[in-house]
């Protein structure tokens, strides 16, 4: 590898870099240095003939002057203009002089510029201590670091067909009074946790749970369902007040978060179906990972659509720092938890989720940290708040005073 330039050369290079835009001002000074070098060399020859020691010192001094003059010229001509930053990392053009060159390196972050001193040989080059230049005000702000975000998972409250012990699947039935109370209690448990966006399935029981839960939140923002089923529905449901938008939470419905489709079992009584087909067969349909009921979905098939939607639509929200709540169903949520907790197909089939009980995850630095189920507002200490969630709760306390 090529040896790095001397400290003297680096000093002169940096000096030339700082004054590159005004190098014409130093041209007379350089001419004076040239003249002085010539006079020193003449004096040197005279001293060498009469006083060898003084001549030797003068020779060394003249050598330093000549090297300084050469280095100044080299540094001056080796400097290139720094180009504005672009979207991707790249290196600017360079002009070689000796073994020193300056290159401008643009970074992927807008507003940042780097200028590096490079030692170059015929075969390879290496950057030496690139220095970051300050961003200009016109370049805009740099991207904000992503902070932790909350992810809340809630299985809907008891539905009318849960109460009747019927296979529900993708049949759209509402909550029972008990299910309404479960949704309200779930809302009380998460009333101190920030929520920026809500995702639900396209089924009414999950949407009711989301709405009732958010009505208990201390921030008192209004959940509003986003209608995108048609251009007209989207246009007619627009909100034109910016202040109202700030006091609202978008609710996004997605069929991908629907309950597992139970095919020909939907609407049948679970006990009667077990008596008809056999307890073991029904248990296999309900609890196996990859065996679907007749003309229905297996848990594996449900997981494929639910986890895919979670990765494509919900994780980007968390990465951007937004706090997300998902109100969905037993099997679609089991699929997502399988992905978050890295469960095996055998572990997930034994996972049970109670209706109306929220699960909390913290997304931080690309990882999901399971925090369990938040305690109700009157039960302190069971659920440990993170630092940012504790600050949010303090903010809510301040708003209530």
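Glycine residues also receive a Cβ, built from the backbone N, Cα and C atoms like all the rest.
TrEMBL entries are annotated by machine, without manual review.
Quick look at what TrEMBL lists:
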ACT_SITE  156  active site, tele-phosphohistidine intermediate
ACT_SITE  259  active site, proton donor/acceptor
BINDING   155-162, 168-169, 205, 259-262, 270, 286-287, 330-331  substrate binding site
SITE      329  site 'Transition state stabilizer'
Alpha-carbon distance [residue 330 (substrate binding site); residue 259 (active site, proton donor/acceptor)] in Å: 7
Whole-number Å value for how far residue 329 (site 'Transition state stabilizer') lies from residue 155 (substrate binding site) (Cα to Cα): 5
Between residue 156 (active site, tele-phosphohistidine intermediate) and residue 270 (substrate binding site): CA-CA distance (Å): 19
Spatial separation of residue 329 (site 'Transition state stabilizer') from residue 169 (substrate binding site) - C-alpha basis, Å: 9
Rounded to the nearest Å - Cα separation of residue 260 (substrate binding site) and residue 329 (site 'Transition state stabilizer'): 8
Position of peak Cβ density within 10 Å, selected from the recorded positions 155, 156, 260, 270, 329: 156
Entry from the recorded positions list 158, 259 having the most other CB atoms no farther than 10 A: 259
Other CB atoms within 10 A, centred on residue 330 (substrate binding site): 19
Cα-Cα distance linking residue 329 (site 'Transition state stabilizer') and residue 161 (substrate binding site), given in Å to the nearest integer: 13
Cα distance (Å, whole number) from residue 329 (site 'Transition state stabilizer') to residue 158 (substrate binding site): 11
Pairwise Cα distance for residue 329 (site 'Transition state stabilizer')/the residue listed as 'active site, tele-phosphohistidine intermediate' [Å, integer]: 6
Other C-beta atoms that fall within 10 angstroms of the C-beta of residue 161 (substrate binding site): 19
